[in-house]
Amino acid sequence: MLAGKGCESQVRGANSTAFYGKFSTKTARQVAPIVPSSARLRINCHLNGVTLRLPATHLPKKPRGQWQNFGSPKVNRTCAYYKSEEFDIPVEAAVESLNPEDGSGNVDGAAPWWQQLPKRWVVVLLCFTAFLLCNMDRVNMSIAILPMSKEFGWNSATVGLIQSSFFWGYLMTQIVGGIWADKVGGKLVLGFGVVWWSIATILTPVAAKIGLPFLLMMRAFMGIGEGVAMPAMNNILSKWIPVSERSRALALVYSGMYMGSVTGLALSPVLINRFGWPSVFYSFGSLGTIWFALWLKKAYSSPEHDPELSPQEKKLIMSGSVSKEPVTVIPWKLILSKPPVWALIISHFCHNWGTFILLTWMPTYYNQVLKFNLTESGLLCVLPWLTMAVFANLGGWIADTLVSKGLSITTVRKIMQSIGFLGPAFFLTQLSNVKTPAMAVLCMACSQGSDAFSQSGLYSNHQDIGPRYAGVLLGLSNTAGVLAGVFGTAATGYILQRGSWDDVFKVAVVLYIIGTLVWNLFSTGERILD
């Protein structure tokens, strides 16, 4: 038997006729029976630079001169030398070269890693990249607002108004985006969102120089595009990802948001110092075009629509995913009558109040309270978001492991979300006691690291309780989350004019505790909507 990839084979008869072919070990076993019965086989296999000369082997009997064409397998070049002791292979019996259909020369199963990646995880990675761009385009304003406020003479209240204007548009498309995604598919909706917010990002400097009302409108337009991203993603993954991989997939996608914050906060100060504050909007916004080209080529709303999906993976997805049929009618009355749905909505509000305050106001906190300069503020903001990216994936792995060990989904979701609420609440209370900037940054990092466990809690729960309506459910709960962002971001500006950062953190802690109680009393991991 021919063994090992990377073998070169040459079939040579006693009359010195040589036949070359590119074929795999499987094809070699198919060829073997056609060689004359007394033929002796000598095989030279070149593996990792070492030549292995295998012993001669008798092959089964096959009438002389009968050869078969085995098509064009996608294999490496394999070379087998044999010498006939009783029969000569005439030149007329030469076989045609077996050329791979794609000309790649790769052995089956030895393609580059990006081609071997399961298609469902290609979709997950594209969603991850979309969310990375989403937060890059969102957080650049939290850095650029510092030089912009000096240039245009904005006070804290105006800055809070600008920061919150993003959420005006973001709020408008949460439920609409969920309905749209559940009806027409997530591919179209997410693609639209990325293109829309990328254009709005590029036009932001132009709007700012025209006047404040135009800037507010452009930030709201950007929110419209980003508002459909989460419902569309949730719809896609509910169809592509089996339940056993749900927490990990969602954690990876949401960690794209955190890595987007890391990237945006790290690069924005550099770009601003070298090219001015408009450069961050132009450069970040233009990246959406590259993503959109890949999205059109590689993504499908459902595995049923993907012609490149292997039968084995399709069977795995369809057997482990419960959201297959498109939605025609949304049962609003039924959805809103379920206590777990309201637990999602209230908990999402409580969670996002603290998260969005940290997202939009952290650079200002570092600059005004800890006295870091613009570059230091941006770079130190990276640490908490990097921590979130790591802990989100750690939480996803832990959650899926607990489910695979037999722990109920309800228990797992409650454990993960309780960590996501109580962890940030504890570390935010410590900020008023720390004496050094380093300890303040550490508290921020620990707060957001524990917050990331929410990705395996409430953010995974929409697909648990109603997979067919995952987009709508996320639209509903995230609408509450956006309201928290609107009110929390704007309220922070007014609180800072009349109070202190301690007051800001106290409000967030109270809401985290309320969220913990509601979640543990009313949430479930069981499916309640068919």
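Keep in mind that glycine also has a Cβ here, set from the backbone N, Cα and C atoms.
Source: prediction; values computed, not measured.
Here's what TrEMBL has on this protein:
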TRANSMEM  121-141  transmembrane segment
DOMAIN    123-527  domain 'Major facilitator superfamily (MFS) profile'
TRANSMEM  161-181  transmembrane segment
TRANSMEM  188-208  transmembrane segment
TRANSMEM  214-237  transmembrane segment
TRANSMEM  249-271  transmembrane segment
TRANSMEM  277-296  transmembrane segment
TRANSMEM  341-362  transmembrane segment
TRANSMEM  382-403  transmembrane segment
TRANSMEM  469-496  transmembrane segment
TRANSMEM  503-522  transmembrane segment
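Note on the transmembrane segment (503-522): residues 339-340, 342-343, 346-347, 349-351, 353-354, 357, 361, 414, 417-418, 421-422, 424-425, 428-429, 431-432, 457-458, 484, 488, 491-492, 495-496 of its chain, located 6 or more positions outside it, place their CB under 8 angstroms from a CB of the stretch. The transmembrane segment (161-181) makes no contact with the transmembrane segment (277-296), as judged by fewer than three Cβ pairs under 8 Å among residues 6 or more apart in sequence.
Only pairs six or more apart in sequence are counted, and the transmembrane segment (382-403) with the transmembrane segment (121-141) gives fewer than three Cβ pairs under 8 Å, not enough to call it a contact.
Long-range Cβ contacts of the transmembrane segment (249-271) within its own chain (Cβ-Cβ under 8 Å, at least 6 residues beyond either end) map to 120-121, 124-125, 127-140, 142-144, 233, 237, 241, 279-280, 283-284, 359, 363, 374-375, 377-379, 381-382, 385-386, 388-390, 392-393, 395-397, 399, 452, 455-456, 459-460, 463. Of the candidate ranges 121-141, 341-362, 469-496, 121-141 contributes the most Cβ pairs within a distance under 8 Å of the transmembrane segment (188-208). Of the ranges 121-141, 214-237, 469-496, the one with the most Cβ pairs under 8 Å to the transmembrane segment (277-296) is 121-141. Same-chain residues lying 6 or more positions outside the transmembrane segment (341-362) and placing a CB less than 8 Å from one of its CB atoms are 138-139, 141-142, 163, 167, 261, 335, 381, 384, 417, 420-421, 424, 428, 444, 447-448, 451, 454, 458, 461-462, 465-466, 473, 476-485, 487-489, 492, 504, 507-509, 511-512, 514-515, 518-519, 521-523, 528.
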